[in-house]
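Report on one structure; see the data block that follows.
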Amino acid sequence: MSRAPRTARAELPKGEQARHVPVLLAEVLAALSLDRPGLAVDGTFGAGGYTRALLEAGPEVRVIAIDRDPTAIRGGADLVTASGGRLRLVQGRFGDLDTLIADQDEAQADWIVLDIGVSSMQIDEAQRGFSFRQDGPLDMRMGGEGPSAADLVNGEEETTLADILYHFGEERRSRAVARAIVEARRRAPIETTAQLADLVAGVVRPEPGSPIHPATRSFQGLRIAVNDELGELVRGLHAAERVLKPGGRLAVVTFHSLEDRIVKQFFSARSGRAAQASRHVPGVERPAPKSFKLVTKGPVLPSEAETDVNPRSRSAKLRAGERTDAPAPPPLSAIEMLASLPAPQGRGPRR
C-alpha cells in the first residue's frame, strides 16, 4: 500500500467544489502513462474530470467517455465541442464498454480508466435520492431505469432486504433494520430518503465519537443492489481485458472494500498470483494465462494534500495493470461470485 507524496496534489484548484475534482488524478495519469497517440476510454464520465485530463495529456489522444446517466452525458456537450473532434460521449454502462466502443468503430483501446461507484454530482442532488443528508425521493438509480430503492424497500421480502444490507452494505444490524423496514411499510410506504434514514437511525446506534451516520451502510447496500454496481464492475474488468491492446493500461479507482476486493482479486489472478479466498468462494481457481502485469504493486492512496481539499477522497484506492499479449481468459468466476448475494444457507447467526 502506498500513499501519494504530499506534494503530488498541491496543484488542486481550491476554488472548485469537491464534486468537480477527480480523485487521484495525478496518480491515475502516471499509472496510465499516456505517452503516445492512441484511444483512451473513460468508463465513468461523471463531471468529466478524468476525460478532460486525458484530452490534455496530448493532442493525439482520442477519448471515448461512457456514462449510464443521461444527465452526465448532457453536461458534457461543451467539452465535446471544445475537444475538436477528439471526444465522443456515449450513454451506456461501462460493463458493456467493449460493445460500446465497437459501435464507435473502434476495436481496441490503449488506456482505460474506471472510477467506481456513485458520483459526487449524484449524491449532491437531493432529487436523485442517493443521500440521507438531504431529503428527496428514495430513488438511487444512476441511469433512471429499472426498480428504484423505494421499490426494493417496499417490495422485497425481509430476508432479501437483510441480505442486501449485510452483504452489500456490510451492515451488522441488517436483520434488525430489515425487520424495522417491513414493520414500517405495513403502516405506510417508505418513499423518501429522510424516512429511511430516520428509520435506520432508530435501529443502528452510532459508535461513540464516530462521524459516520447510522444509515450510511444501509444506503450503500441499497444503492449497490439498485444499480448492480458490483456486477457492473466485474463485467467492466472483463470487458477492459478484452479490448485493451498489448501494452495498454487499465486504472481502477474504488471507494470501499467490496469494490477493492474485486479489483484486487482480478489483478491478482490475471497477473499470475494466487486468487484470494473469500467467504463466498469455496476454493481457488486454476491459474490462467497472465493477461496483465501489475503497474501498482498495491493500492495507491490519496495524499494528505488531496484529502485536505477533497475529504471524499479519503477512502479511495487506485490499482492498475498493463495488458500482456496473452489471450483474454474466460471470465473469473471467483469475482463474479463476490458480486452477487450468496445462495440462502439457513438463517445463520442473528444479525
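The count begins at 1 with the first shown residue.
Note: Cβ is positioned from N, Cα and C throughout, glycine not excepted.
So that you can see what the record holds, here are the features copied from Swiss-Prot:
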BINDING   Gly48, Gly49, Tyr50, Asp67, Phe94, Asp115, Gln122  S-adenosyl-L-methionine binding site
REGION    274-351  region 'Disordered'
Candidate with the highest Cβ count within 10 Å, taken from the binding-site residues Gly48, Gly49: Gly48
Other CB atoms within 10 A, centred on Tyr50 (S-adenosyl-L-methionine binding site): 28
Candidate with the highest Cβ count within 10 Å, taken from the binding-site residues Asp67, Asp115: Asp67
Phe94 (S-adenosyl-L-methionine binding site): tally of other CB atoms within 10 A of its CB: 28
